[in-house]
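What TrEMBL says about this one:
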- 414-491: domain 'Recombination activating protein 2 PHD' (DOMAIN)
- Cys419, Cys423, His455, Cys458: Zn(2+) 1 binding site (BINDING)
- Cys446, His452, Cys478, His481: Zn(2+) 2 binding site (BINDING)
Amino acid sequence: MSLQMVTVGNNIALIQPGFSLMNFDGQVFFFGQKGWPKRSCPTGVFHFDIKHNHLKLKPAVFSKDSCYLPPLRYPATCTFKGNLESEKHQYIIHGGKTPNNELSDKIYIMSVVCKNNKKVTFRCTEKDLVGDVPEGRYGHSIDVVYSRGKSVGVLFGGRSYIPSAQRTTEKWNSVADCLPHVFLVDFEFGCSTSYVLPELQDGLSFHVSIARNDTIYILGGHSLANNIRPANLYRIRVDLPLGSPAVNCTVMPGGISVSSAILTQISNDEFVIIGGYQLENQKRMVCNIISFEDNKMEIREMETPDWTPDIKHSKIWFGSNMGNGTIFLGIPGDNKQVVSEAFYFYTLKCAEDDVNEDQKTFTNSQTSMEDPGDSTPFEDSEEFCFSAEANSFDGDDEFDTYNEDDEEDESETGYWITCCRTCDVDINTWVPFYSTELNKPAMIYCSHGDGHWVHAQCMDLAESTLIHLSEGSNKYYCNEHVEIARALQTPKRVLPLKKPPLKSLHKKGSGKIITPAKKSFLRRLFD
C-alpha cells in the first residue's frame, strides 16, 4: 500500500463528508457537494482529476434531455450493466440527503452519452417506481445481481426520519433505523418488491456490501436503535426464474464489527476494507482483505498502511472508492495552526493499475467513512468554512470558469439562518407554521440596502399578509428596517429653468439687430 498526500485546487470547499466518487472507464467524477450547485456549475458533478498528487475539479456537462440531479450526500450508488456481455455501464443513485436535509426517495440513472479528450457529457434520468417503494433514506446500500440472464437491484438498510405521527418539536429531525426489509428493484419496468427475511433482525446503516453474480454479502454496519456495530456477515442470494423471484438469507461466521468503511477491489476475487469506526468515536485502523474462491469467502487482516500522525490522531475520517484499487481519504485540518486547511486529503493505493475493468463494475460499498450519528463530532447540520479564490477552475481548457464572487453566501441566504436578533428558527426544532410550508420555513425578502432574507414567522406576518406580499411586486421591509423605510423622503421637486423668449434677444433702444448666427449661439447657450 502507498499513501500520498494530495494538494488541492481552489474549489476544495466542495469536498465534504458524504460525497461519492464514480468511475467511468478510468475517469473519476465527484458527486454530492454540500449545498446547492453554483450557478456557474449548475450540474454539481465534477471531473475528479488527480495528476502528480494534485487535484483539479472541472465541471461536468449533461445532455439537454437529462433530468435535474440534486447534490445528494450519503446516497447508495452502484454500477449496472444491462447484461454481463455489455461493455458500457451506468451508475444507479438512490436516496441521500438534499442540501435542505430532506431525504430523497428517488432513483437516478447516470450514463455517458459523449466523450472526447477534454469533456464528458452525461445523461441523467429519473426512474419512477411502483409497488413496495422504499422510503427516503441515507447510509444504505444498493447492488445489482444477475441470475438466469436477468438482473435486479437489491436495496437494504439505511436511516430515515421517524414517522410523521411520532415527530414532535424536539424530535422533528430525528432519524431511526429503517426496517430490515430487502427490496428487489426491476430497473427495466420500475417495479419494487419488499421481502422480510427472518435472519435480518436489525436495520443496519453504513455497512459494506459486495455483489457477486446472484449473491450479495452484507458486512458490518451500525444499529442506531441498539447503538452497536454487530460483527455480522449475511449472504443474500437471489434467484430469478420465470415466475416470482426467490430470496434467501444465510448468517455466516467471521464478520467484522465496523461501520462507514470503504471497499475497493484489487483483483478479480479480492477486495480490501479500509477505515471506518469500531466504536462511537474510535476509528478502526485495521485493514482487511476479502478473498473469494469457489463461492467461499475468507476475511483476514492485512498489513496496514504507514498512517501519518495526522491521520492517527484525527477523530474522524471520510472518503470514497476511486476504483482501480485506490481510495480517496479526508481528515480535518489542524486548528492549532494559525493558517490551516479545513481538510487534508490523501490517496491510498491498494493495488496495481491492472485491475480487471469488467470485474470492478460489480463492487459497491458505502461512500463515506463518517458515521453521522448524534455523537459524531461533526453533525450534518454544521457548516464548514473554506477559503476560495475567484479563478477556482483552470481556464486553459474548454471547461467554464467558476467564479466564487458570482455566488451568494449560503450562510446568509439559506433557510436555516439567524435572520434577526430575536430569530428562533432552528433546524433541529423547526416545525411548520404556515399551511403553505412543507419541509422548510417560509422566507420573505427585505428590500433595505442590498436586501436580505428573513423568516416570515420571525416577522410576525399573518399568512394572508405573507401570501399578499408574495403575489405582489411591492417592496417589503423587515421589522428592523421598517422605521428606516418610513423615514425615507421623496426628493424635493425642482422647478424647470425658465427660458427667455427669442424676441427678448433684440435689445430695445440699442438700435442693433442680432444676426441669425448670434441667435443660434444664444439659443444653444440658454438651452
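Including glycine, each Cβ sits where the backbone N, Cα and C put it.
Just so you know, TrEMBL annotations never went through curation; they're auto-generated.
A map of TrEMBL features onto the structure.
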| residue | record | Cβ neighbours (10 Å) |
| --- | --- | --- |
| Cys419 | Zn(2+) 1 binding site | 23 |
| Cys423 | Zn(2+) 1 binding site | 14 |
| Cys446 | Zn(2+) 2 binding site | 22 |
| His452 | Zn(2+) 2 binding site | 17 |
| His455 | Zn(2+) 1 binding site | 23 |
| Cys458 | Zn(2+) 1 binding site | 21 |
| Cys478 | Zn(2+) 2 binding site | 21 |
| His481 | Zn(2+) 2 binding site | 17 |
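Secondary structure of the domain 'Recombination activating protein 2 PHD' (414-491) per DSSP, as helix, strand and coil residue counts: 15 helix, 8 strand, 55 coil. Comparing Cα positions, His452 (Zn(2+) 2 binding site) lies closest to Cys419 out of the binding-site residues Cys419, Cys423, Cys458.
Excluding Cys419, Cys423, His455, Cys458 themselves, the residues of that chain whose CB lies within 8 A of the CB mean position for the Zn(2+) 1 site are, in sequence, Ile417, Thr418, Cys420, Thr422, Asp424, Val425, Val454, Gln457, Met459. Apart from the site residues Cys446, His452, Cys478, His481, the chain places the Cβ of Tyr445, Ser447, His448, Gly451, Val454, Tyr476, Tyr477, Glu480 no farther than 8 Å from the centroid of the site's Cβ atoms, the recorded Zn(2+) 2 location. A gap of 13 Å separates the Cα atoms of Cys446 (Zn(2+) 2 binding site) and Cys458 (Zn(2+) 1 binding site). In this structure, the CA atom of Cys478 (Zn(2+) 2 binding site) is 12 Å away from the CA atom of Cys423 (Zn(2+) 1 binding site).
Each residue contributes its Cα atom, and for His455 (Zn(2+) 1 binding site) and His481 (Zn(2+) 2 binding site) these two points are 14 Å apart. Mean pLDDT for the domain 'Recombination activating protein 2 PHD' (414-491) in this predicted model: 78.
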